[in-house]
Each structure stands twice: as structure tokens, then as C-alpha cells.
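Participant: Here it is: the structure, laid out below.
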Amino acid sequence: MAMLKVTDLKVYYGVIQAIKGISFEVNQGEVIALIGANGAGKTTILHTVTGLIPPKNGRIEFEGKDITKLQGHKIVSLGMAHVPEGRRVFASLTVLENLKLGAYTRKNKEEINASLEMVYKRFPRLEERKSQLAGTLSGGEQQMLAMGRALMSKPRILLMDEPSMGLSPIYVNEIFDIIKQVSAEGTTVLLVEQNAKKALEIADRAYVLETGNIALEGKASDLMNNESVKKAYLGE
Amino acid sequence: MLTNIIEQLLNGLRTGSIYALIALGYTMVYGIAKMINFAHGDIIMVGAYALYVAIINMQLPAIPAVLLTCVTCAVLGVVIEKVAYKPLRKAPPLAVLITAIGVSYFLQSASLLIFGATPIPFKSIINVPAVKLGSVTVSGLTIVTLIVTTVCMIALTLFINKTKAGSAMRAVSEDKGAASLMGINVNRTISMTFAIGSFLAAVAGILYICQYQSLRPTLGALPGIKAFVAAVLGGIGSVPGAMIGGILLGIIESISKAYISTELADAIVFGVLVVVLLVKPSGLMGKNSTEKV
């Protein structure tokens with residue numbers, strides 16, 4: 001059974017149809033990439049899955065449970081964390097406060113502290129800057145904070161929206177290494193990325209989105225060698 | 001002369017700390033819902049009448065009457081938000097603003113219907129003897145007001161900065177979508193903000209009515225607008241700003257009344273606002289932003 005299963009999803013912004021009937025699946029342990037140009041609907045899909053936008057039609061199932069109509073704030077406690085596009089860290093809160101909000105729905109203090117230790121181990125820079133306001137961090141550090149904050153909820157699936165956006169190449173490599181590590185430790189990853197090359201390198205399977213439709217899908221390694229993908233997204 | 005100045009400063013501090021309590025409601029609601037709740041001043045009025053009903057009609061002792069008043073106003077604040085503002089969460093700001101003015105008139109008219117237009121005399125429930133410090137006399141009301149407002153402000157500051165609910169509140173005021181991704185119930189957080197703001201307005205209403213000792217349906221209008229000015233002066237959205245703005249406003253008002261002119265006091269208060277906004281448009285403690293109210 002698929003861990004996350006999206007069936008015939010349709011999403012509208014007013015009268016404009018952004019998502020035109022998309023179906024995809026994410027299996028336990030996979031890294032799945034959704035790639036496509038600006039405006040293809042990648043972010044909209046993630047927002048719909050985590051309840052920030054209501055779909056017009058379709059069904060979203062997580063671990064067999066229908067979450068299509070579930071309110072956004074109830075999603076995270078099911079084990080699904082979303083690192084939004086543009087990081088969206090709470091700029092006027094400290095790094096530590098941001099991380100603690102990541103564990104907002106968890107009750108056990110000891111377990112939360114254990115998660116905090118793990119996040120600090122993965123992102124030593126966050127520990128160095130824990131009492132600094134998040135707004136004063138660099139873009140790369142904010143991306144780390146957004147990831148750390150999401151990991152604080154101990155998710156079984158991590159949804160990541162454009163983690164490489166606006167980052168220097170060094171940070172991009174670092175972030176993708178961390179995604180690989182997170183995946184190796186057993187967290188399923190659904191990755192939305194414009195940087196198709198990077199995304200296909202770490203993904204198991206991928207879906208190529210074009211203006212609200214899935215144009216192609218398959219193994220990441222196959223898509224990397226697909227002529228039209230090469231031409232349109234890999235710049236070869 | 002010095003004695004007089006100190007007494008005037010204390011008066012200003014008393015009025016100012018009441019303004020500050022009210023201003024906190026404006027600023028917190030603005031921070032989280034990005035709206036100016038023009039009905040906030042009328043919560044003070046409802047608080048004053050609720051206290052009157054609790055003391056005179058229900059014959060309650062002072063402390064339970066005060067608690068009942070505060071709870072009534074907190075619940076009213078939440079109900080107003082749910083009924084009038086929540087359906088407009090995605091509406092243009094002007095629609096929300098006009099609705100808030102509508103709610104304000106609704107509350108005034110309701111109390112006009114229930115209690116009539118004739119002012120009702122009300123005896124202060126604060127019967128603490130005045131204290132003499134050297135040649136300065138500090139009234140019991142001033143002492144109680146300063147203690148109560150200080151306690152409220154410290155409690156609120158600790159709540160916002162040190163508790164989980166407080167950081168959730170700050171998160172919602174910064175980014176509702178991201179807060180929702182953390183599992184924070186945005187609607188409940190907004191309700192909580194209205195409850196706290198209205199609770200503080202009730203406390204302010206009680207202190208205010210103990211000072212003026214007369215009930216009218218429009219009694220909330222003037223302290224309401226002054227507190228709004230205080231919130232803008234301090235920087236709308238900023239909690240410490242509302243506290244500083246309120247106290248500053250009270251002191252300026254009291255000093256102008258005593259040494260310049262009673263008639264001109266309000267003009268001077270608003271004049272200070274104009275000057276501050278010319279120099280620092282975001283207010284004393286406000287963040288620089290280009291948001292339009």
C-alpha cells in the first residue's frame with residue numbers, strides 16, 4: 001500500500017484551474033521528486049496535501065487514512081511535515097523557539113529534547129545560533145532551520161518545497177546531502193524542485209509536471225536519460 | 001510645586017496605565033488578525049455595566065463581581081470575533097473596518113436599550129485609603145490601578161514570551177500558513193487573542209469606572225480612541241509599544257491639563273501623535289513596514 005496516495009486531484013484558484021486531475025503515489029522509504037517549470041503546480045500540490053488549500057476534487061490518503069478534508073493544523077500530528085517554499089521561518093522568534101514550535105503537537109518533554117539534540121547534531125550551526133532571531137540567519141541557515149523545525153515533529157514523511165531556491169551552490173549541496181541522510185534514516189521524502197538535475201540525482205522515482213498535468217513519470221534514473229526531460233529541464 | 005508635579009505625574013501614570021491595558025487589546029488583535037477592532041473601546045463600556053449589574057443587581061461581593069465582569073467581556077470578545085470578524089477573514093480590510101464600527105454601534109445601542117441614556121451613578125468598589133509619602137498624597141485608587149496594571153502587564157509579557165501558547169500566538173501573527181503547518185490551530189489562537197484583549201479591556205473598564213463613577217452607553221468611546229492613539233504611538237502590533245504608548249499618553253495628558261490648559265489637553269495629546277508619526281511613521285517601538293491600515 002502506498003504511504004501517500006493522491007487520486008485525481010483538481011485545484012482551482014478562483015476560476016483558474018491550477019491542478020487538472022493529478023494522481024501520484026509515494027511509497028514508504030522512497031524519495032519522490034516532483035519536477036517542472038515555474039507555475040506547473042508543484043507548490044499547489046504540496047499545499048493541498050497539507051491542508052493549506054482545499055481541493056475541488058480528488059482524494060488524498062495518508063497511510064490508508066483519508067485526509068482530503070482534514071484541517072491543515074491536524075496534518076502534522078499524523079506524521080507528515082512540510083518545509084514550505086521560501087522557508088517561512090518565524091523571523092521574530094529565536095532559532096530555539098522556531099524549533100520548539102516544530103514539536104508543537106508533541107507532548108513528551110524528554111522525547112522533544114531528544115529530537116532537539118538530533119536536530120542540533122545534524123545542524124550544528126543551529127545550536128550555535130539557538131538564541132538568535134531566525135530573521136537574522138542567512139538563507140542557507142534559514143533553510144536548515146526550516147528543515148530542523150519540520151524534523152522536530154518526528155515525521156514519517158517529509159514534504160520539501162524548493163529547498164535549493166535562492167541558495168549558493170555550496171548550501172545546495174549541503175541541503176541535498178542532508179535530504180539523503182534523512183531518507184537513509186527511514187523518513188520518506190516528497191521533494192518539489194526546480195533544480196531537476198539535483199532532484200533526480202537523489203530521487204528514486206519522479207513525476208514531471210506541466211501546467212497542472214503529469215507529463216511524465218518513472219524511475220529517476222530513466223527520466224535523467226529521457227531526451228525531452230534532458231532538453232526541457234536538464235539544459236542539455 | 002514639586003509635590004504638585006509628582007501628584008500630576010502619578011495621576012498621569014494612573015490614567016496612562018489604564019490606556020495601556022486597553023491599547024494592549026488593540027495591538028494584540030492587530031498583530032494577529034491585522035485589523036483595528038474599533039469595537040474594543042465598547043468592551044470597556046460593557047465591562048463597566050457588567051460590573052454594575054454584578055454589584056447592584058446581583059449583590060455580589062467585589063472580587064466575584066470583578067471576575068464575572070472579566071469573564072463576561074472575554075467571552076463577548078470571542079463571540080464578536082466568531083460572529084462578525086471570522087466570516088470576513090479573507091475580505092478586504094475596509095469591509096472588516098466598517099464591520100468593527102458596526103459592532104461598536106451595536107454594543108452602544110444595545111446598552112442604550114437595556115440601561116437607557118441617563119447616566120447611572122456608580123460608587124467605586126475600590127475602598128483603599130490614600131497613602132501619604134512625605135508631602136505627596138497617593139490615592140487608594142491610584143495605588144490599586146498601578147498594582148493591577150503592573151501585574152497584568154508582567155503576566156501578559158511572561159505569557160507571550162515564555163509559554164507555548166504565547167509563542168504559538170507570535171507565530172500566528174507572523175505567518176498563519178506556516179503556523180498551521182506546525183499544528184497550531186489558527187482560529188483558536190485568534191479566539192484566545194480576542195479573549196485576552198477583552199479581558200484586559202474589562203480590567204481597564206473596572207478601573208476606569210471606579211475613577212469616573214458614572215455609567216453611559218458611550219463611556220468607552222473616549223478611552224477607546226485614546227488607547228488606539230496610544231497603540232499607534234507605541235507602534236501598532238508591538239506589545240511593549242502599547243504599554244509605553246499608553247503610559248506616555250496618560251502622563252502627557254495629565255501634565256497638559258494641569259499646566260497648560262484643560263481644554264487643549266486632548267489637542268496636545270493628538271498633536272504628539274502627529275509629531276511622532278511624522279518622525280517615525282511606524283510608532284515608537286514599531287517595526288518598519290509598509291502595511292496600510
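Placement of Cβ uses the backbone N, Cα and C atoms for every residue, glycine included.
No curator has checked TrEMBL annotations; they are predicted automatically.
The shown structure was predicted, so the numbers you read here are calculated from the model rather than taken from an experiment.
What TrEMBL records for this protein is below:
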TRANSMEM  B:12-31  transmembrane segment
TRANSMEM  B:38-56  transmembrane segment
TRANSMEM  B:62-80  transmembrane segment
TRANSMEM  B:92-116  transmembrane segment
TRANSMEM  B:136-160  transmembrane segment
TRANSMEM  B:190-209  transmembrane segment
TRANSMEM  B:229-252  transmembrane segment
TRANSMEM  B:264-283  transmembrane segment
Participant: What stretch in B:12-31, B:92-116, B:190-209, B:229-252, B:264-283 has the biggest tally of Cβ pairs under 8 Å against the transmembrane segment (B:62-80)?
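Facilitator: Against the transmembrane segment (B:62-80), the leading stretch is B:190-209.
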Participant: Under an 8 Å Cβ to Cβ limit, what residues of the same chain, 6 or more beyond the ends of the transmembrane segment (B:190-209), are close to it?
Facilitator: 18-19, 21-22, 24-26, 28-29, 31-33, 37, 40-41, 43-48, 50-52, 66, 69-78, 80-82, 86, 122, 124-125, 141, 144-145, 148-149, 152, 156, 159, 165, 169, 172, 215, 219-220, 223, 227
Participant: Going through B:38-56, B:92-116, B:229-252, B:264-283 one by one, which has the most CB pairs that fall under 8 Å from the transmembrane segment (B:12-31)?
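Facilitator: When the Cβ pairs under 8 Å are tallied, B:229-252 comes out ahead.
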Participant: Which sequence-distant residues neighbour the transmembrane segment (B:264-283)? Criterion: at least 6 residues beyond either end, Cβ under 8 Å.
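Facilitator: Beyond its ends, the transmembrane segment (B:264-283) has Cβ neighbours at 226, 229, 232-236, 238, 241, 245, 249, 252-253, 256-257, 289.
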